[in-house]
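**Student:** Look at TrEMBL and you will find 1-16 tagged as compositional bias 'Basic residues'. What TrEMBL records for 1-39 is region 'Disordered'. The compositional bias 'Basic and acidic residues' feature in TrEMBL is assigned to 17-35. The domain 'FAD-binding PCMH-type' annotation in TrEMBL covers 80-249. What TrEMBL lists as active site is ARG225, GLU395. Per TrEMBL, the feature active site, proton donor maps to SER297.
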Amino acid sequence: MRKIAHFPYPRPHRTTLYKEPRGGASRPERRKDRSGTGTRRIYAPNARRYNRANDKQTETDGMIREFHQIDLSGRNSFGVGQQAARLAEFETEEDLRTIFSGGVPERWAVLSGGNNILFTRDYDGLLLTPVARQITPLGEEGDTVRVRADAGVEWDDLVEWAVERGLWGIENLSLIPGKAGAAPVQNIGAYGCEAKDVIERVHMFCTDNRSAMVIDAGHCCFGYRESIFKHELRGRVIITAVDIRLSRTPRPRLGYGDVEREVEARGGVTLRNIREAICAIRRAKLPDPKVTGNAGSFFKNPVVDECVARQLQAQWPDMPVYPAAGCAGRVKLAAGWLIDKAGLKGYKRGRVGVHERQALVLVNLGGATGGEVIDFAHTVQMRVHEKFGIEIDTEVNIF
């Protein structure tokens, strides 16, 4: 039985947080950067070396890719050109032990896919990026298939992997940008499905004691775009892998937006048709961050008391209202609809704008700074509050 590790801060129930075996690997040796390239090379088992001079990555025994004063414009989907004092890419818990062997820096954060983040200034600490990308079946029980995805797996690659194998559960989350390791942090969701519906446990590295840990989903405090990783465990753990539960039994969820119509247009309900339908809907509504800088949904859908929603619907009968899972007496409003009705859909100011097809998305029209995006977002929030008396919070993580 794995021993429960001590956490020097409030943590989930004692029976659900476990210390994983460390293994027999010896502590890797640290080497100084003698290349003059700004890329620091650290020796650790099964990592990679990056040769900045010719922009090539090669396999080598025990190398962590580390950068100093690195431009982040290519590492965040908004395309904001800030710098980080230090960035390290890791694959394993042993890599993280090496990185933190000299102590925990005053400022550090995980930069996963950079799809839900906005830098408003240079980051003067350490950024950590997971690069392990393995998907591992863990076993089957009845029609249930359990799978482990490394934190560096592209989320949509995981969805495609599941669909190819006829496994149901995450097809409604198709084409959501980002990495698997970020899914539990944000409790990503779309079209009536959330990551919490399939997550069983989360593997993580604790910086306080440099140990590998596991937390069960029931103690992750999942909510609408919320989790324990954004609160009690923020700045204390790094997610390294996620275990999810999928099913061989068809369980389509089509009662959201245009999904059912798009599926029928493709010939009926199949796992592949659902994925393709949702991909088509998202591509039609959302800008490609490779073309137009954005972070997807910039704002959360507000959750309000039912009486507030009824008062608003009396004035705006076409206002959409959705159930708020786990929130008795409360409902969820569509922030995009509120922004649209406030007259802001397609609105532009300087180098920032509201997307013309999806008002929930703010876009970088070219060369915008993080500060400009934040100022613009505050204007959107103010206009919505003036019209509806509703506050909309940002979904994007702001640094």
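We number each residue from 1, going along the chain as drawn.
In case you wondered, yes, glycine gets a Cβ from its N, Cα and C as well.
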**Student:** Starting from the Cβ of SER297 (active site, proton donor), draw a 10 Å sphere and report how many other Cβ atoms land inside it.
**Tutor:** 21
**Student:** Taking the Cβ of GLU395 (active site) as the centre, count every other Cβ atom within 10 Å, in any protein chain shown.
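**Tutor:** The answer is 18 other Cβ atoms.
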**Student:** Whole-number Å distance between the CA of ARG225 (active site) and the CA of SER297 (active site, proton donor)?
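**Tutor:** Cα-Cα distance, ARG225 (active site) to SER297 (active site, proton donor): 11 Å.
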**Student:** According to DSSP, which kind of secondary structure is ARG225 (active site) found in, if we only use helix, strand and coil?
**Tutor:** coil
**Student:** Run through the Cβ atoms and count how many others sit within 10 Å of the one on ARG225 (active site).
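**Tutor:** If we count other Cβ atoms within 10 Å of ARG225 (active site), we arrive at 18.
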**Student:** Considering every residue in the domain 'FAD-binding PCMH-type' (80-249), what is the mean pLDDT value?
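**Tutor:** Over the domain 'FAD-binding PCMH-type' (80-249), the predicted model scores a mean pLDDT of 95.
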**Student:** What is the interatomic distance between the Cα atoms of GLU395 (active site) and the residue listed as 'active site, proton donor', given in whole Å?
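**Tutor:** Per the Cα atoms, GLU395 (active site) and the residue listed as 'active site, proton donor' stand 7 Å apart.
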